[in-house]
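Residues or ranges marked as transmembrane segment in TrEMBL: 12-29, 49-67, 79-97, 103-125, 137-157, 177-198, 210-232, 265-284.
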Amino acid sequence: MKVLLFKDRIKLLAFAVGVFISYFVFGIYQQKIYDERSYDEKFEFASSFVVLQCFFNFVVAKIVIIICDHPQNETLHKYYMLIAVFNFLAQLTSNLALKYVEYVIQVVGKSCKPIIIMIFGVIFAKKILYDSKENQNLKPLIGNILIALSLLSEGFLGATQDKMRNVSRPTLLNFMFFTNLYSTIFGSPLLFVNFEGLEFIKFCMKHNSVIIHILIVIACGACGQFFISAMVSNFGSLPLSIVTTIRKFCTAVFSALFIKEVLNVRQWIATILIFTALILDVLFGKKKFCHKVNVEESKDEKEQNVEITKF
């Protein structure tokens, strides 16, 4: 096992704190946006919200590329397009799910691999994670299906990214720029469906506080992408998985304690068990895989270092 130098440990800690804080704040304000209590009416503009995030990310990436005199892209655009499609679908369905389920349920659901069990439990066994007196409609089912679609999109996203890396390894900024550019292009037509874009602008003009919340979310999302990219490039996916899993748990706990999303004792126990299992899986399940690919990673170490210096 490779022992990190003190300088590398500080760098790892800085990246981890950056990821944690960025997405912790991201999650809290994302929840505020979709909480009807924040604006006295429901925020119904998931497409506009996601497109705006993608647009901001690609603009930021482009500015940094220009300032830093970044290398030209050499990766085929078809890979960026596929990744952009799955990335946009994953974000869109994840945001749409918040219209039908509470934020805590979405966070826990996105962390569950056997999400299909939740769906079939709702359909056939009428087992739901909510108060049955308040949810005697299809909302839990729709929410769980959207979470499942988000997980499915993320699965295709990961597979496409792996295939792209086998052919070409784009620099971090080029990847961020082109992925978000194509996500913006593919998602923009949705703004004209039922005039959602216009209604989104009217909503923001009526509720000025939502503008601040949205700006915080997209700024934290952009910062989080940079920290994640830097962390994976320098230290691999294992530390990132640990940080993101802990962040999700802390966000769920914070939401339940301070934003009035009340969980009963069984739901608290289930949440703790789920995230404990996830952390154990990350710590012990991935170590075996990392040991198998250690030789291949060492062969590519020089090439990765070159890419990091470019970033």
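Positions of Cβ are set from backbone N, Cα and C atoms, glycine also.
As the structure is a computational prediction, the values presented were derived from the model and not from experiment.
It is 49-67 that, among the stretches 12-29, 49-67, 137-157, 210-232, forms the most Cβ pairs under 8 Å with the transmembrane segment (177-198). For the transmembrane segment (137-157), the most Cβ-contacting stretch among 12-29, 49-67, 79-97, 210-232 is 79-97 (pairs under 8 Å).
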